[in-house]
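S.K.: Right, I'll just put the structure down here and ask away after.
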Amino acid sequence: MKRVHNFSAGPSMLPLAVLEKAQADLPDYQGSGMSVMELSHRSGLFTDIITNAEKLLRELMNIPDHYKVLFVQGGASQQFAAVPLNLMKNGKADFVNTGSWSKKAIKEAKKYLDVNVIASSENENFTYIPTVHKDMIDPEADFVHITTNNTIEGTAYHEIPDTGNVPLVADMSSNILSEEIDVSKFGVIYAGAQKNIGPAGLTVLIVREDLIGNATPQCPTMLDYQTHSDSDSLYNTPPTYGIYIAKLVFEWLKDLGGLQAMQARNEKKAALLYDYIAVSDFYSSPVKEESRSIMNIPFIIPGRDLDGEFVKEAQQEGLETLKGHRSVGGMRASIYNAMPVEGVEDLIAFMKKFAENHQ
Ligand SMILES: *Cc1c(COP(=O)(O)O)cnc(C)c1O
């Protein structure tokens, strides 16, 4: 068996231990004679899986009791519409524009309500996170929306804005479970699973209970948070296999010591790479220091046309998917939870060698 270090931004690598557990379980899950994929979503075995997945996520993120955990489909992109449809009352919302995903969320929300972009870093190519003060927020806004980690640009909030009584909604797709967060600061957290949780097809929602049950009459049943809340995410067939893999990932995280330990490991990985880029006179980071992501790390080779060569040679050494997003260029190393420290060390060793060969 050959495994590479996969630096893909998403879908991204999963822990080998999880894949091996899934492989062992595949044809006959717990003596049922069936794969998890073949189990009824109403069966006892699957009920145990989804119940435990929720329990583990609550434990890992320390989710307060007055929040619901919902497992839905449609990706984070579906939530760009679902959030306004569930939360709108006054018909206006405040958004912070920190990159491509924020822009998509803004564009979709504009179909339903008046969007006020209260802060943006577009003027500097989204290379930093703008400061959000409480007095910038419209107290009548239905919610404030942020993208906590900007997957494409490689920026992240290191302080969660205080939005007072206005619910804070966060697209946490690319940094959920990467560090400890205080869930009680948020009204809604949503994340597509394919970065830090499991396979694509599952979307995780964490919603404060008072924000459920207020959807507009036009809101499709499947986008209404109440639908999924009332049925414990079993209104229709949920993405059963994705939920099962997520449960295995949550178990893996817990065994590793939970989010505190994961955060320490992620900070160490990111520091190794940023520190090397800082001392190197060959590579540089396009992102302002105080706004850097520990999950997605873009880097460039200034003044040289070597990106294609870098990506090609890296791939030959088992370092996969390092091409930067087409909107940013350069390279990007996505080092989510599942990326081991050795993956980053191997990347840095390759970067050193590549720099020497092309000085
Ligand atoms: C990947 C990503 C999305 C899109 O997720 P889908 O599940 O593909 O809809 C949205 N926001 C952020 C921050 C992402 O990283």
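Using N, Cα and C of the backbone, Cβ positions are placed for all residues, glycine too.
A TrEMBL annotation is a machine prediction, not a hand-curated record.
Since this is a predicted model, take the numbers as computed values, not measurements.
Checked TrEMBL, it gives:
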type	residues	note
DOMAIN	5-347	domain 'Aminotransferase class V'
BINDING	Arg42	L-glutamate binding site
BINDING	Ala76, Ser77, Trp101, Thr151, Asp171, Gln194, Asn236, Thr237	pyridoxal 5'-phosphate binding site
MOD_RES	Lys195	N6-(pyridoxal phosphate)lysine
S.K.: Filtering Arg42, Ala76, Trp101, Thr151 (binding-site residues) by proximity to ligand 1: which pass a Cβ cutoff of under 6 Å to any of its atoms?
M.R.: Ala76, Trp101, Thr151
S.K.: Distance between Gln194 (pyridoxal 5'-phosphate binding site) and Arg42 (L-glutamate binding site) at the Cα atoms, whole Å?
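M.R.: It is 25 Å, counting Cα to Cα.
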S.K.: Quick check for the class: what is the C-alpha distance, in angstrom and rounded, between Arg42 (L-glutamate binding site) and Ser77 (pyridoxal 5'-phosphate binding site)?
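M.R.: Per the Cα atoms, Arg42 (L-glutamate binding site) and Ser77 (pyridoxal 5'-phosphate binding site) stand 27 Å apart.
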S.K.: Just counting, how many other CB atoms are there within 10 A of the CB of Lys195 (N6-(pyridoxal phosphate)lysine)?
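M.R.: Around Lys195 (N6-(pyridoxal phosphate)lysine), other Cβ atoms within 10 Å: 29.
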S.K.: Listed pyridoxal 5'-phosphate-binding residues Ala76, Ser77, Trp101, Thr151, Asp171, Gln194, Asn236, Thr237 - what's their greatest C-alpha to C-alpha distance in Å?
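M.R.: Farthest Cα pair among residues binding pyridoxal 5'-phosphate: 31 Å.
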S.K.: Looking at the binding-site residues listed here (Ala76, Ser77, Thr237), whose Cα lies nearest to that of Lys195 (N6-(pyridoxal phosphate)lysine)?
M.R.: Ala76
S.K.: Relative to the Cβ position of Ser77 (pyridoxal 5'-phosphate binding site), how many further Cβ atoms are located within 10 Å?
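M.R.: Total other Cβ atoms inside 10 Å, all chains included: 16.
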S.K.: Helix, strand or coil by DSSP: which one applies to Ser77 (pyridoxal 5'-phosphate binding site)?
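M.R.: Reduced to three states, the DSSP call for Ser77 (pyridoxal 5'-phosphate binding site) is helix.
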S.K.: If you count Cβ atoms within 10 Å of each one, which of the binding-site residues Thr151, Thr237 comes out on top?
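M.R.: Within the set of binding-site residues, the most crowded position is Thr151.
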S.K.: Taking the binding-site residues one at a time (Gln194, Asn236), which has its Cβ surrounded by the most other Cβ atoms within 10 Å?
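M.R.: Neighbour-count leader: Gln194.
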